[in-house]
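J.: My questions all concern the structure below.
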Amino acid sequence: MKHLLSAGDLSRDEAVLILDTAEQLLSVAQRPIKKLPTLRGRTIVNLFFEDSTRTRISFEAAAKRLSADVINFSAKGSSVSKGESLKDTALTLQAMGADAVVIRHHASGAPHRLATSEWTKGAVVNAGDGTHEHPTQALLDAFTMRSRLGDLAGKNVTIVGDVLHSRVARSNALLLDTLGANVTLVAPPTLLPVGVETWPVETSYDLDASLEKADAVMMLRVQRERMNASFFPSAREYSRRYGLDVARMNRLPDHAIVLHPGPMNRGMEINADVADSDRSVIVEQVTNGVAVRMAVLYLLLGGATEGETA
Ligand code: NCD
């Protein structure tokens, strides 16, 4: 594996290897000195064309904990505002010797374009492209679920909300299917994408009906910035039918957990008391995200450079 573009590209063995490697790397975060020499001398560029808090700092922390040199590029305040293309930006970064490029872009397919071009020689990691995919988010979600629930084979995962605009939902559906879990997508009909019947999932419009058998519930952010029409009557109507409140949460089995990729709209798709409850693993997802991204960078860049032992 040279790049990580889609969660669907991972075989079961590859996915499990990433999760197992992340489990070992998680212990680094508990040490007083949170650093390994593994990627010393390697350069990783974080290329962010879209706003991000946790994904960008998570990749940055992951690269730094492996001792790589990190260059953070965000489109705002760069020559992209002057009209520079992805190609010219990538060529510039290549000229600086990037071993890996972590890219977030508003256009679905941008990481794929970069990986199949001559513009960069390094590994390309998709950190979220448009409404398409976000494979490291799915990996950190799987990691978090696995650590709380055990092997994911046969587990029921319910993903709720704005599936239409969610790269997290697509990547999760693909990865969870590979890992043997049963996925149910719950959304209003207007927020399910065309072609969802070809995904390896079941779909439902009824949240209450799917709660009793869920081992994990993943709430998705309502992505207003990507909405160009009215997809539901009102925010109040949406949260009444598709929001997770305490009454709904109490209908989950005792062992069930609640996930959210963040950023949350508290009061919209998730109630504040649910977000802060014992069942919520939202903060754990962030911690695990660093370990999972360390594992991805480590496995893609292969640890020691040729002729050198780390
Ligand atoms: C997600 C994203 O950017 O796709 N967030 C994240 O990476 N933590 C989900 C979202 O924006 O709602």
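Glycine residues also receive a Cβ, built from the backbone N, Cα and C atoms like all the rest.
Whatever TrEMBL says is automated annotation, not expert-curated.
Just lifted these from TrEMBL, have a look:
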- R54, T55, R104, H134, Q137, G262, P263: carbamoyl phosphate binding site (BINDING)
- K82, R167, R221: L-aspartate binding site (BINDING)
- 2-146: domain 'Aspartate/ornithine carbamoyltransferase carbamoyl-P binding' (DOMAIN)
- 154-300: domain 'Aspartate/ornithine carbamoyltransferase Asp/Orn-binding' (DOMAIN)
J.: Between any two of R54, T55, R104, H134, Q137, G262, P263, the residues recorded as binding carbamoyl phosphate, what is the biggest Cα to Cα distance in Å?
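T.: So the binding residues stretch over 16 Å, Cα to Cα.
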J.: Counting other Cβ atoms within 10 Å of each Cβ, which of the binding-site residues R167, R221 scores lowest?
T.: R221
J.: Taking the residues the record says bind L-aspartate (K82, R167, R221), how far apart in Å are the two Cα atoms that sit farthest from each other?
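T.: Result: 31 Å between the two most distant Cα atoms.
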J.: Out of K82, R104, H134, which of the binding-site residues is least crowded by other Cβ atoms within 10 Å?
T.: K82
J.: Quick check on the binding-site residues T55, Q137: which one has the highest count of other Cβ atoms within 10 Å of its Cβ?
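T.: Checking each of T55, Q137, the winner is Q137.
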J.: Which of the binding-site residues listed here (R104, Q137, G262) have a Cα atom within 10 Å of the Cα of K82 (L-aspartate binding site)?
T.: none
J.: For a Cβ distance below 6 Å to any atom of ligand 1, name the binding-site residues from K82, R104, G262 that qualify, or say none.
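T.: G262, by Cβ distance under 6 Å.
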J.: Report the member of G262, P263 (the binding-site residues) whose C-beta atom has the most other C-beta atoms within 10 angstroms.
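T.: Top count of Cβ atoms within 10 Å goes to G262.
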J.: Rounded to the nearest Å, what's the C-alpha distance separating H134 (carbamoyl phosphate binding site) and R221 (L-aspartate binding site)? Just drop the number here, would you?
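T.: So the Cα of R221 (L-aspartate binding site) lies 14 Å away from that of H134 (carbamoyl phosphate binding site).
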J.: Could you tell me which three-state DSSP class G262 (carbamoyl phosphate binding site) falls into?
T.: coil
